[in-house]
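Asker: Once you've had a glance at the structure underneath, I'll fire off some questions.
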Amino acid sequence: MDSASVPHRIPPEMPQYGEENHIFELMQNMLEQLLIHQPEDPIPFMIQHLHKDNDNVPRIVILGPPASGKTTIAMWLCKHLNSSLLTLENLVLNEFSLTATKAKRLYLQRKTIPSALLVQLIQERLAEEDCVKRGWILDGIPETREQALRIQTLGITPRHVIVLSAPDTVLIERNLGKRIDPQTGEIYHTTFDWPPESEIQNRLMVPEDISELETAQKLLEYHRNIVRVIPSYPKILKVISADQPCVDVFYQALTYVQSNHRTNAPFTPRVLLLGPVGSGKSLQAALLAQKYRLVNVCCGQLLKEAMADRTTFGELIQPFFEKEMAVLDSLLMKVLSQRLDQQDCIQKGWVLHGVPRDLDQAHLLNSLGYNPNRVFFLNVPFDSIMERLTLRRIDPVTGERYHLMYKPPPTMEILARLLQNPKDAEEQVKLKMDLSYRNSADLEQLYGSAITVNGDQDPYTVFEYIESGIINPLPKKIP
């Protein structure tokens, strides 16, 4: 870049490359690791960190009172995410660790081990290859604020913390029916989760310390400690109610651990709204443009502007409009390229609607480098679309727009003179809907990370869903 040439304009490909390859997050993670470990020679340390390629592996802590189901949820998450499960019991059973041997003796005597020894065990275990490569889930650790602070001091930072919660009366009752499979460690319940196989039923054992009094004492100790542990994990902690079916708890936990936290990475929204005619794309685009100062790029409007301005492309487009034919994709993309290449689109971002209508247009859009970083499908039932569009009317005298159901004219005189736009005729709408439905499956497959929104609700509710999808990072895809 020539220092004498001002102002500098950064090519749009540069921030797009950084965003697609998560360059900012990569640099942020390396800086965090440098500050935590403070190596004497940073360069080899950073190279080693890059070789590990484990910035996005699961690092999860699951906490909760006795009988909340945290071990079950942790085991299910481990199977789904292919991560390593760390519990107090399996940490002390590590046969290849002298620290674990010492901790095991203390654990057999007292059923607890000192915090310093526990944290040392965790540190040793997390350094092993399976935890480094595949990530880890801590079940029920840390139990106290002292343990939480010791873990943080060593630079062990979870990405997600889940706290299960349920009324004490429910937990006490649930704990009485708890049973354990001694071979697999799986936890069952006499009422809620009884195994169908008679072989497993016969070998189930009643765990120790599950009486009502003992459970109440454990709950009292848990409540005393958890209020001091929670402040150690601001912004990464989610409380989930355990007073619901275990499968529901699991899916809420899985959804949370697959989410990404917001970062300070530069982000220029490039939003694509897809959906059938009448799904509300234009309204949502206008709301986004108004609130976030995005450039509202409507494909149909661009074509009309090109004709009105009598540009070269406008003259080529005009015959298609006169004959009511679809504009050639090549012409369409040239008009669109001119608009998206302007500085306001590059600097502020854009919200595009009206294109692509099919897979060919989508591939053309991508080949030109206009890759959206947020794609939304607005789903609206066929009957709702017909109701929205076929009942629209316009007053030829005042130009006022009406809807026979949602915004009827105030007088019979006005009603009598209302006209319907030919494009809102039932047959025309059905043709457009049929075309949209035929192409939607291909577009959904192409835009795999797209977010589907129910468009058949209040427009501002729809806007809130779209807004949330733009502001928050996209969830991780677990293979």
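Placement of Cβ uses the backbone N, Cα and C atoms for every residue, glycine included.
Keep in mind that this is a model prediction, so the values were computed, not measured.
Summarising the annotation, Swiss-Prot assigns region 'Adenylate kinase 1' to 58-258. Look at Swiss-Prot and you will find A67, S68, G69, K70, T71, T72 tagged as ATP 1 binding site. The annotation region 'NMP 1' is assigned in Swiss-Prot to 87-113 on the grounds of similarity to another entry. Per Swiss-Prot, AMP 1 binding site is recorded for G140, I141, P142, E143, Q147, R203, and the stated evidence type is similarity to another entry. Positions annotated as region 'LID 1' by Swiss-Prot: 177-206. Annotation source Swiss-Prot lists region 'Adenylate kinase 2' at 269-471. The feature ATP 2 binding site is assigned by Swiss-Prot to G278, S279, G280, K281, S282, L283, R392. The region 'NMP 2' annotation in Swiss-Prot covers 298-327. If you look up Swiss-Prot, you'll see M325, A326, V327, G354, V355, P356, R357, Q361 marked as AMP 2 binding site, on the strength of similarity to another entry. Positions annotated as region 'LID 2' by Swiss-Prot, on the basis of similarity to another entry: 391-424.
Each of the listed features needs to be described in terms of its position in the shown structure.
Answerer: Classification of T72 (ATP 1 binding site) by DSSP places it within a helix. Long-range Cβ proximity for T72 (ATP 1 binding site), meaning a same-chain Cβ under 8 A and a gap of 6 or more residues, is found for E186, I187, C246.
Distant neighbours of the region 'NMP 1' (87-113): 71, 74, 120-122, 124-125, 139-141; these residues of the same chain sit at least 6 beyond its ends, with a Cβ under 8 Å from one of its Cβ atoms.
Under the DSSP three-state reduction, P142 (AMP 1 binding site) is assigned to coil, being neither helix nor strand.
Residues 67, 69, 71-72, 75, 246 of the same chain lie 6+ residues outside the region 'LID 1' (177-206) yet bring a C-beta within less than 8 angstroms of a C-beta in it.
Residue density at S282 (ATP 2 binding site): 16 other Cβ atoms are found within 10 A of its Cβ, drawing on all protein chains shown.
Taking Cβ pairs closer than 8 Å, the region 'NMP 2' (298-327) reaches residues 282, 285, 334-336, 338-339, 352-355 in its own chain, all 6 or more past its ends.
A coil conformation is recorded for M325 (AMP 2 binding site) in the three-state DSSP classification, outside any helix or strand. M325 (AMP 2 binding site) has a Cβ environment of 9 other Cβ atoms inside 10 Å.
The residues of the region 'LID 2' (391-424), classed with DSSP into helix (H, G, I), strand (E, B) and coil, number 9 helix, 8 strand, 17 coil.
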Asker: Counting other Cβ atoms within 10 Å of each Cβ, which of the binding-site residues R203, K281, R357 scores lowest?
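Answerer: Candidates: the binding-site residues R203, K281, R357. Fewest Cβ atoms within 10 Å: R203.
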Asker: Would you kindly give the Cα-Cα distance separating G69 (ATP 1 binding site) and P142 (AMP 1 binding site), rounded to the nearest Å?
Answerer: 16
Asker: Same chain only, sequence gap of 6 or more: which residues have a CB within under 8 Å of the CB of I141 (AMP 1 binding site)?
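Answerer: Non-local contacts for I141 (AMP 1 binding site): V61, L86, T87, L88, L118, I122, Q147, I151.
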Asker: Under DSSP, is G354 (AMP 2 binding site) part of a helix or a strand, or is it coil?
Answerer: coil
Asker: Could you put numbers on the helix, strand and coil content of the region 'LID 1' (177-206), residue by residue per DSSP?
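Answerer: DSSP composition of the region 'LID 1' (177-206): 6 helix, 8 strand, 16 coil.
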Asker: Round to a whole number and give the Cα-to-Cα distance in Å for the pair L283 (ATP 2 binding site) and M325 (AMP 2 binding site).
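Answerer: So the alpha carbons of L283 (ATP 2 binding site) and M325 (AMP 2 binding site) sit roughly 25 Å from each other.
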Asker: On average, what pLDDT score does this prediction assign to the region 'NMP 2' (298-327)?
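Answerer: Result for the region 'NMP 2' (298-327): average pLDDT 83.
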Asker: Looking at ATP 2 and its recorded binding residues G278, S279, G280, K281, S282, L283, R392, figure out the farthest C-alpha pair and report it in angstrom, whole number.
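Answerer: Farthest-apart Cα atoms in G278, S279, G280, K281, S282, L283, R392 are separated by 17 Å.
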